Each structure stands twice: as C-alpha cells, then as structure tokens.
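Encoded as structure tokens, the structure appears first; notes follow it.
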Amino acid sequence: MPSSNVFWTLVKYELKSGYMTRKKMRKGKMPQKIWLMYAVLLFIVFLCFTVYATNQHWGFQLRNVWYFTLGLPWMLFGYGMGAIKNEWENSTEGWWLTLPYSRNTLIGAKYIAALLKTLYILLVTYALAIVYGVLYGVCISVLKGGFPLHEVIFFIVSGFWWYLLLMGLMPLMVSIGVLVAVIKYTNAKYISPLIYFFMFILGYGMYGGLGVMNQKHNLYSIFSGETSPGSSPFPVVFFYFLIAGWILAYLLTRFSAYLLKNKLDV
Amino acid sequence: MTASIVNCQQITKRYGDKHALDELNVSIPENKIVGILGPNGSGKSTFFRMITGLVKPDSGEIEVLGKRPGSGINREIAYLPDRARWYPNHTVAGAFEWAEKLLPGFDIANAKELADFMEMKRDMRVSGMSRGQEARLMLILCMARNVPLIILDEPFSGIDVISRERIIEGMIDYLSDRDQTILISTHEIYEVEGMFDYAIFLNQGKAILSGDTEELRAQYGSMHDIFRQFYRYGKGGF
C-alpha cells in the first residue's frame with residue numbers, strides 16, 4: 001500500500017476509535033438518547049440561568065458566558081495525550097509500535113487525527129454557541145419585547161475571536177499533549193517537569209500575556225464588554241508567536257517520534 | 001548447513017542493575033518451529049522485542065533476515081506481543097479488515113479459515129470476548145500472514161486447556177507445510193513440545209542450551225524434562 005494511503009488509513013482508524021478504552025467500555029457506554037437528553041437539559045438550564053442573570057442587574061452579560069470556556073485549551077492538550085495513552089491503557093502498544101511504518105508516520109497519524117477531532121469539537125461547540133445566543137435573544141424578546149440584536153452579535157463575534165485563538169493554538173497544544181504522553185513511556189521521563197514548566201509558561205502567556213500586550217483591547221476586555229470586538233483583539237506580534245507555535249508543534253511531534261524510536265522503555 | 005534468520009552476537013540489555021540479556025549469542029535456523037524456553041525473567045520477551053526493534057541492545061549486534069531490526073524489517077515479521085490485547089472497539093471482521101490494510105502479507109482467506117476452525121464468529125466484538133477468545137483472534141492475525149518470520153510470545157496464556165489443545169492441533173496442521181520460521185515462547189511446554197523442531201533454553205539473559213529437538217531428546221529426554229531438571233536445580237547445567 002502506498003505510504004500516503006497507509007497514513008490516512010491510520011488516521012481513519014484513529015478517528016473511528018473514539019478514544020475508547022477497555023475500561024470505559026466495561027463500565028458501559030451511556031445510550032446516545034440518554035446522553036442527548038442530558039445535554040439538551042443542561043443547555044436549557046444554562047440558557048434559563050443566563051436569561052435570569054442578565055435580567056437581575058447582577059452585572060452579568062451574555063458575552064460573559066465565554067468565561068465558562070476558558071478550560072478548552074486544556075481539552076486540546078488532553079486529546080493529544082489521550083491519543084498515545086490509549087494504546088498503553090488498551091495494552092495494544094506492542095501491535096501499534098511494531099507496525100512496519102516509521103515512527104513519524106505512526107505519531108503523525110495520531111497527531112492529525114487528534115487535530116481533526118479537536119477541530120470538530122471546536123466547530124460543533126461554536127455552532128451550539130451561536131444557537132445559544134439566538135435562543136437567548138428569542139427569550140429576551142418574549143420577556144421584554146424586541147430582539148437584543150446588538151448583544152447577540154457581540155456575543156457571536158467575541159466568541160469568534162476566542163475560537164480563532166483556540167484553533168491557532170490547537171497544533172501546539174495537541175503536540176504538547178502527545179509529547180507528554182510519549183515521554184511517560186520512554187527513558188526521557190526526567191524531562192517531564194520541564195514540559196510541565198513550559199506548559200505553565202505557555203498558559204501564563206496566553207491568559208496573562210494577552211492582557212499585558214494591549215491593556216485597552218484584548219480578549220478579556222471583549223468578554224467583559226469593556227471594548228467592542230469589531231476588530232482583532234490580538235496585536236500583530238501575537239500572530240508571529242502563533243506561527244512560531246506551529247513550527248514548534250512540528251518539532252515537538254518529530255521529537256515524540258524520535259523518543260519512541262530510540263528511547264522506548266518497554 | 002541451514003541458513004539463519006536471526007543472528008545475535010554478544011547482545012546485552014540492562015534495565016537498571018538487572019541484565020535482561022547478558023552477552024547473548026544465538027543463531028536461529030530458518031523454516032523451523034523454534035521454542036524459546038526459560039522461566040520468567042530469563043529474557044525471552046526482551047529478546048523478541050529486540051528482534052522487532054522495540055528495544056535496542058546496549059551492546060552487541062543483532063541481525064534479522066540479514067538486516068538490523070526496525071520498522072522496515074517488520075514488514076517481514078508477524079509478532080504477537082506478550083500480554084497484548086486487541087482493540088476493544090473492533091469486531092473479528094473489523095480486526096481482519098484492519099490487518100488487511102495495515103499488515104503486509106495478511107491473507108484474509110486464511111484468516112477466515114482459521115477463524116472458522118477456532119470457532120470465532122465474524123461479528124463478535126472484542127470488548128465482549130473472553131481472554132481466550134481474544135488470544136485466539138490475535139493468534140489468527142499473526143498466523144494468517146505470509147511472512148518469513150512469526151514470533152509468538154506466550155500465545156496460549158489465558159486459553160483454557162481444551163481450547164489450547166484444539167488451537168495447537170490447528171497450528172500443527174496449518175504450519176507444517178509452510179516455509180516460515182516460527183518462534184514461540186511458552187510455559188505450556190508439555191503440550192506444545194511436539195511442534196518444536198529446534199529449542200533454545202534461556203536463563204538470566206544467556207542461552208544455556210540450544211539445538212534440534214530430536215538431538216536434545218536423544219541426549220536429555222523431553223523438552224519438558226530438560227526444563228524441569230535444569231531450572232529446578234538452578235544454574236548447574238547438564
């Protein structure tokens with residue numbers, strides 16, 4: 001089979017696996033209908049809470065909802081980590097690592113699959129957020145009369161900038177997740193604290209640095225409503241950092257492959 | 001003289017202070033069924049992992065099919081790892097499809113034939129299988145490959161006696177007319193020793209005895225007897 005076909009076959013199987021481990025399967029999968037019911041219920045409760053809170057003059061606004069998604073970058077990291085960890089949790093690592101393809105191919109396929117999964121989740125959650133914003137507007141128009149168009153558009157646009165940032169960070173966060181998981185199974189375990197320190201710096205850079213770079217116009221001032229999200233909340237220099245992050249993501253993925261080839265501890 | 005499929009010279013592998021392999025010298029003849037025998041911790045699994053390139057020797061030279069181990073040479077090797085499991089979301093048919101796409105030399109017609117013999121229904125899901133059924137599936141995935149070298153690390157662990165006998169009977173039938181070298185490590189020596197053409201006994205990372213099973217039997221008795229005598233009385237040898 002040509003190597004590109006093998007690569008995409010590996011990606012396809014990775015996507016199909018759904019990160020299902022033996023342990024999770026033994027516990028039993030919640031039926032899709034029940035899962036959907038809970039999700040809809042949570043969505044409605046949260047919508048009711050937002051409508052109620054914005055009408056109580058607590059200072060809560062629709063755009064503040066984005067604060068609840070600040071944990072999403074860690075989900076990206078978790079997906080990268082899970083892609084590798086699952087092989088060991090399922091005791092299938094021996095099969096995976098002795099496939100007759102280079103470590104770059106094996107790791108690369110997992111990395112691309114994790115990227116596609118996280119991209120899918122980001123797109124779905126953003127689409128849900130748009131629906132959420134519109135429903136909020138409908139509820140308000142029923143309660144007060146008049147659709148709060150400006151507020152809803154503000155919410156959708158500020159979310160757009162946030163999700164754009166997440167998509168930009170996605171390659172790096174997933175590659176760090178892959179590396180952290182790989183390190184655990186190699187003789188290079190001693191560099192784990194360094195990686196976590198790097199993660200801390202990255203986290204600070206993202207959450208804190210964005211505010212420091214431009215105090216008048218940043219993501220948080222948009223979430224809080226202090227400034228309008230009409231233009232990019234990121235200074236130009238931030239995009240250079242993002243591109244550097246993608247290059248770093250590539251290097252980290254190659255490094256993960258190198259570790260699996262030369263430093264495996266089995 | 002028979003050609004060698006695996007050649008090791010002075011291979012050493014340490015994990016901390018412990019020698020998993022200690023200046024191991026081994027030459028494995030091709031087209032034979034070879035028993036790699038020894039107690040737990042004697043280095044059998046490390047030896048197999050080294051053949052498949054999973055671990056690298058600290059010192060010494062190893063050649064498999066005339067090349068250094070690695071992902072390239074794994075095209076020619078079917079390997080059933082020790083304590084391995086299969087992907088829980090696959091069915092038997094799904095596992096065959098996976099193998100057909102990713103494992104060179106996988107013959108799906110042979111796999112189906114073996115599955116019928118081992119009473120494995122195609123729609124069985126791995127997550128719902130017993131350990132024995134899962135072990136059979138993994139065995140099929142290795143045996144159905146047309147490659148020069150098959151490595152089975154403890155392939156019968158978790159399989160009950162009745163199934164084991166049936167599987168071994170099937171393996172003898174299936175493998176007898178194939179030009180493949182099969183390395184098997186097992187604790188069930190008594191049941192499988194009839195399969196072996198050649199045996200290598202390992203202890204503390206060294207090959208302490210090797211040779212054609214016919215010759216070894218003539219000299220020392222059955223493989224099972226050799227195993228019991230040697231490992232019961234420690235490193236004294238014969």
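Just so it is clear, glycine is given a Cβ too, placed from its N, Cα and C backbone atoms.
Bear in mind that the values here come from a model prediction, so they are computed numbers and not experimental data.
Summarising the annotation, TrEMBL assigns transmembrane segment to A:34-53 (among others).
Look at TrEMBL and you will find A:65-84 (among others) tagged as transmembrane segment.
Same-chain residues lying 6 or more positions outside the transmembrane segment (A:119-143) and placing a CB less than 8 Å from one of its CB atoms are 43, 46-47, 50-51, 54-55, 62, 65, 69, 72, 75, 149, 151-152, 155-156, 159-160, 163, 166-167, 170. Taken from TrEMBL, the feature transmembrane segment covers A:119-143 (among others).
Per TrEMBL, the feature transmembrane segment maps to A:163-182 (among others).
Annotation source TrEMBL lists transmembrane segment at A:194-213 (among others).
Per TrEMBL, transmembrane segment is recorded for A:233-253 (among others).
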Grab the same-chain neighbours of the transmembrane segment (A:65-84) for me: Cβ-Cβ under 8 Å, and only residues 6 or more beyond its ends, written as numbers and ranges. 14, 19, 50, 110-111, 113-114, 117-118, 121-122, 125, 129, 132, 155, 158-159, 162, 166, 169-170, 173-182, 185, 199, 203, 206-207, 223, 256
Short question: which residues 6 or more past the ends of the transmembrane segment (A:34-53) have a Cβ under 8 Å from it? 60, 62, 65, 128, 132, 135-136, 139-140, 143
